[in-house]
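Quick look at what Swiss-Prot lists:
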- Val18, Gly60, Val61, Gly62, Lys63, Thr64, Glu65, Asp249, Glu315, Arg387: ATP binding site (BINDING)
Amino acid sequence: MTSFSPREIVSELDRYIVGQHEAKRAVAIALRNRWRRQQLPEGLREEVLPKNILMIGPTGVGKTEIARRLARLAQAPFLKVEATKFTEVGYVGRDVEQIIRDLVEIAIGLTRERLRKEVASKAELRAEDRVLEALVGANASGETRQKFRKMLREGQLNDREIEIQVQDTSVQGLPTFDVPGMPGAQMGMINLGDIFGKALGGRTKVRRMSVSESYDVLMAEESDKLLDQEKVVSEAIQSVEQNGIVFLDEIDKITARSEVRGGADVSREGVQRDLLPLIEGTTVNTKHGPVKTDHVLFIASGAFHLAKPSDLLPELQGRLPIRVELKALSQEDFRRILTEPEASLIKQYKALLATEGMTLDFTDDGIDELARLAADINRSVENIGARRLHTVLERLLEEISFTASDRSGESVTIDAAYVRGQLQGLAQNTDLSKFIL
């Protein structure tokens, strides 16, 4: 769990996302409250429930990007999922409880990685012994083993090919099926690979690879042998229950508009009804055991382009008490997006073309013209937010990208005149620009 202060979280998000301070503050406070809750006495800790967030804003203003960056900051089980992927219980498709099952799998992966670090030194010695056995055989003398161990540690044998016995993971890819009549009926998807893996007693197969490649494989195997799998699962479930975060994107797409109800929209409303107990707090059965969702934080977001937030079920609105509106992007925002973030689009294109030996130089008036064009096209055609910059830059640099491999060593300056020359038709003919995306 991250111990960043809200101010630190916002400044971290500022490195990648321009503007939207209200949304950044809301998620920063929510994330910090997770840490604050952990410091409370146990009795009070159970009473403090997370305040779920609803982010509203037009497409392309940074809702999903905030979620992506938050996932890296959270240091907790985090799942980003689209609400449109789910269907009402009883229909063909995935039901919303699958969200928690997926979150548990993510938590198990995170917990295993953390616990592997604790046994890394032991696992490294065991992996080294297995590599030595493959190199010199099981019956080699101690002197020979020591000689090869020294060469191994100095990296002299990294390119040597060896054959090693590793776990056969091919059974893991077998299909899954629902088990009828199990508690909760959705206990779901028992993996045939798990069943066959246990029945076959963990089959092994011989793989041929270089010494350097074998280390990662053997380290993972030996670490897992040293880990208590039950401890991994119980810690992962505890982590989900106390620190889990779910980001529900495109929630506006499952609203039934007030003037159009019936038909397929009933199924959409069904998904909302299924989400109610999940967000409020329920127990979900997974193959690893029951998981309580009382303290899982839900952040929902949607453009609400055709529907309104009030079209959500009133009960669902009540379970998303913190409402944050993200603002549409202006010309000045576009300019900042092109220049300020650590991995801004201009830096990306410069780096890509530098691999061909070309130097790109954007002047200030060239960047201003790009921002103005993007804002104009968004106003006159369809407002798709910052994604419009991808369209404009791809069109602008199309010729340069195509011929870059033949122009190594050249330097190209992109100023306002160059931008107008390349994108003249795009700016003048709005009907034509509809065909770009």
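Every residue, even glycine, has its Cβ placed from backbone N, Cα and C.
Remember, predicted model here, so these are calculated numbers, not experimental data.
Feature map: annotations from Swiss-Prot on the structure.
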residue	record	Cβ neighbours (10 Å)
Val18	ATP binding site	21
Val61	ATP binding site	26
Lys63	ATP binding site	26
Glu65	ATP binding site	17
Glu315	ATP binding site	13
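Of all residue pairs in Val18, Gly60, Val61, Gly62, Lys63, Thr64, Glu65, Asp249, Glu315, Arg387, the annotated binders of ATP, the farthest apart have Cα atoms separated by 34 Å.
In the three-state DSSP scheme, Val61 (ATP binding site) falls into the coil class. Look at Glu315 (ATP binding site): DSSP puts it in a helix.
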